[in-house]
Structures are given as structure tokens and as C-alpha cells.
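Feature annotations, courtesy of Swiss-Prot:
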- 148: active site, proton donor/acceptor (ACT_SITE)
- 10, 385: Mg(2+) binding site (BINDING)
- 17, 208, 209, 210, 211, 212, 283, 284, 285, 331, 332, 333, 334, 335: ATP binding site (BINDING)
- 91: substrate binding site (BINDING)
- 180: site 'Transition state stabilizer' (SITE)
- 241: site 'Transition state stabilizer' (SITE)
């Protein structure tokens, strides 16, 4: 049997998600999370054959130690799994305009990822550390980079050019790039299957809702507009990010209130969104609990979150012309029947009718349509970015 297993690595600034999948069918052999990098309680958790495991990585461990643990402590006891690995696939948040599709990693690709680091300062440097750690531990296996931004490279210039002096784009690449592309690609493709349509003739609006959140208009299988911009800060209200605001607020904070630019950046990225509005938490589950208990801040945060999302969804009918379905995905999108119902009720102009039983059933990994028969379609599709990364890795290695 030919080898089809891919180790997928998703390196964050203080964590590393990993999984080994069969790229042909998405079958997950092992999955895990290494977290708390740089702290005394750095640890790793993984699931193998239905059993959960946890271990300490050692105080102040980080990406390299995590990859070494995967190789020397976990896979050393799984020679069959390790022997069937054909590639290592890496999720890369930002590829700028340099990368319009997935690529096998070489020195030029590493340089390109590094050049894009200013556009994703928390993510791209961590990706590079993870790639180098994987290269050291798996010197004979090809490494593949799969970019979150690549799916959005099909956007027309009217969607990605900001109304700033054009030379800022021409000389410095300042434009909309978008994120979560791998997720939007997967769920839009799965939506076409669920609708029984050819992906090239399917128009959907995908809402990837997690601590980071974005909406994408997908026309005929291609991204034609998306809510995140130059960076992941633009667009929807998120866990700790503000999303859209009047840019003059930055000027006001600096010149009238005495903030430094670094403080403003931290405020908008880490102190705003659901956390900032509610003054309670960035976790949507906590927001929903507060809402149920009548907490004013949580209620306001939830209402603003849903209102902003509904406005974006409505606006994305413009580039589509015809809407076949709204697709909810991501941790919040897949599990919050409350938010889905609120958003669809705000879109009453489109005559969505939520089926309460279907909506409640479509949680915890369950896929399904959540609107009534005869109503315009809204559905939940659990995302699987790891499978897309594994598929692309296998395809490139077999080229």
C-alpha cells in the first residue's frame, strides 16, 4: 500500500497543534496540542486510538521541544505510523501576494514567509520555528506550506484595494489579504456536496466563527470577498479584536488620550471585541452564560457580535448575485445555536426560517441544514483545515 499519511503542524506563538491524517479520506490517526510554551507548565496532550494522554514537556519548553517529543516519545512507539509518513504539512497564516497556492518548502519559500512576517507578526515567526524544528526531526521528509491567504487570491481588485493612495499598494503591498482561507475552502466545497451541486456552480457565504472570526463570499468555488484585511484585525467583532472601526479613533487615542501606538495595537488586538465590550470574558461560552443570566455587558457584546455578522452576510450577497446557502463553521459557528438563530433572525429580509430542533442538533461535530423546508438554506459544516493541508501535501509530493 502506498504511503498517504501526513503530519500536519499548526504552530501558534505559544502552542502547537498536530495531527497525523490519511490524506485520501481525512481519517485521523493521532491528534494533539502542545501548549504553554515558555512557561514552567509547558505540556503536551494527545489522542491516539481513542485514548487521551498528557505529559509535561519540561519547564520553558517551546516548538522544538514539542516536535522532538512527538518524534522521540510518541512516534517512537508507533513505528508503523511513522513509517507511513509521506510529508509534513504546515499551516501558514500569511503568504502575502507571494504565495497563491501551497508549495513545497525550500530556502526561497522560507525567505518569503519571513518577508511576510510584518503582516502576521504573532504567527509567521512561530511558523518558521515550527518548520525548522520539523526539518531537524524529519530531515528526509518533504515539508509543505499551506497558506491561509492563498484561497483569497482570487478576489477581484475592487474587493482587495483600499481607498488609499494606490502607490501604497503598488510599492508596499497594502491591500486586503483575508485569513481562514483553508477553512473557507473546505466548508464551501463541502457545502456544494451537501447541496448536491457542482462547486463551480455554487454560491455560498461562509462564516468562520471562533476567537478569530471572518466571513467570505464564495462564488463558483472561489473567494470573491472576505472580511479580514491586511491583517486579521479587520471585519467582525472577535474574542479580543475590535474588527471594523473609524481609523481616526487611533489618532484620538494617541493625541488626545496619550496612548502609544504599541498600546493602541495591543488594545485593539487583545483587549477589545467580546472581552472589551462585556468586561467579562473573550470566551463566547462565558458570554452566552452571562447573557442567560442578564449580564448587561455580555448581552451587549452578544448583540453587537450578531449584528455585525448579519450586516456582513447581507452585504456579501452583492458580489454573489445568487445565494445558495449560508454556512456556519469554527468553534462558535459549529456549536452556538443561539448565535446562529440570532443572526438568521436579523436577516429577516432574506426570509430565513430557523428550525429550532435542527439548529440544536447541529452541534458538537454534527453537520446539517438548520432552516425549515422551503426556507432559504443555512447549514452547519464542521471545518477540517488539517485535511486540506494533508491533501495539498500529498498532491504536491506526488506531482
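Including glycine, each Cβ sits where the backbone N, Cα and C put it.
Small disclaimer: the values here were computed from a predicted structure and weren't measured.
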Distance [Cα-Cα, Å, rounded] between residue 148 (active site, proton donor/acceptor) and residue 332 (ATP binding site): 19
Least buried by Cβ count (within 10 Å) of the recorded positions 91, 180, 241, 285: 285
Candidate with the highest Cβ count within 10 Å, taken from the recorded positions 148, 334: 148
Secondary structure of residue 334 (ATP binding site) (DSSP, helix/strand/coil): helix
Cα-Cα distance, maximum over 17, 208, 209, 210, 211, 212, 283, 284, 285, 331, 332, 333, 334, 335, record's ATP binders, Å: 22
Residue 10 (Mg(2+) binding site): tally of other CB atoms within 10 A of its CB: 24
DSSP three-state assignment for residue 285 (ATP binding site): helix
Separation of alpha carbons, residue 209 (ATP binding site) and residue 10 (Mg(2+) binding site) (Å): 18
Most crowded position, judged by CB atoms within 10 A, among 283, 385 as binding-site residues: 385
All-chain count of other Cβ atoms within 10 Å of residue 211 (ATP binding site): 17
